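What Swiss-Prot says about this one:
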ACT_SITE  35  active site
ACT_SITE  52  active site
DISULFID  9-125  disulfide bond
DISULFID  30-115  disulfide bond
DISULFID  64-80  disulfide bond
DISULFID  76-94  disulfide bond
DOMAIN    1-125  domain 'C-type lysozyme'
């Protein structure tokens, strides 16, 4: 499912992500846009054999279990397939854990290259 920006915003607010670790909503929205184009079913395979899943491209090496990534930590204690359904609540809970451990959005390559320090006005909720 391709989410509309407003749907994503509503979900982010509901999960208490506005201001979490000092991260503003436009930063979350920008990250989701550049990671997946707001597509809840997005997957991308990495050269290390891991896969990124869902609207925020959560990685199977560390955060979710897909049954095929060697040495997966599954720190969010979730099946990666749950990150591909239309309900993004679990994606956001896991993303919150990731951002909490990193104290920000640095684990997301798209945020570092396309959102950090950029004009985020088009990603306002």
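Cβ coordinates are placed from backbone N, Cα and C, and glycine is handled just like the others.
Put plainly, the disulfide-bonded residues 9, 30, 64, 94, 125 were compared by Cβ crowding within 10 Å, and the winner is 64. Here the domain 'C-type lysozyme' (1-125) has, by DSSP, the following mix of helix, strand and coil residues: 54 helix, 12 strand, 59 coil. The number of other Cβ atoms within 10 Å of the Cβ belonging to residue 35 (active site), over all protein chains shown, comes to 23.
Sequence-distant contacts of residue 115 (disulfide bond), defined as residues of its own chain at least six apart whose C-beta falls under 8 angstroms from its C-beta, comprise 27, 30, 31, 34, 105, 123.
Counted within 10 Å of its Cβ, the other Cβ atoms near residue 80 (disulfide bond) come to 25, all protein chains included. Sequence-distant neighbours of residue 76 (disulfide bond) (same chain, 6+ residues apart, CB-CB distance under 8 A): 58, 63, 64, 93, 94, 97, 98. Neighbours of residue 52 (active site) among the disulfide-bonded residues 9, 80, 125, defined as a Cα within 10 Å of its Cα, are 80. For the domain 'C-type lysozyme' (1-125), the model's pLDDT averages out at 98.
The two recorded residues, residue 80 (disulfide bond) and residue 35 (active site), show a Cα separation of 16 Å.
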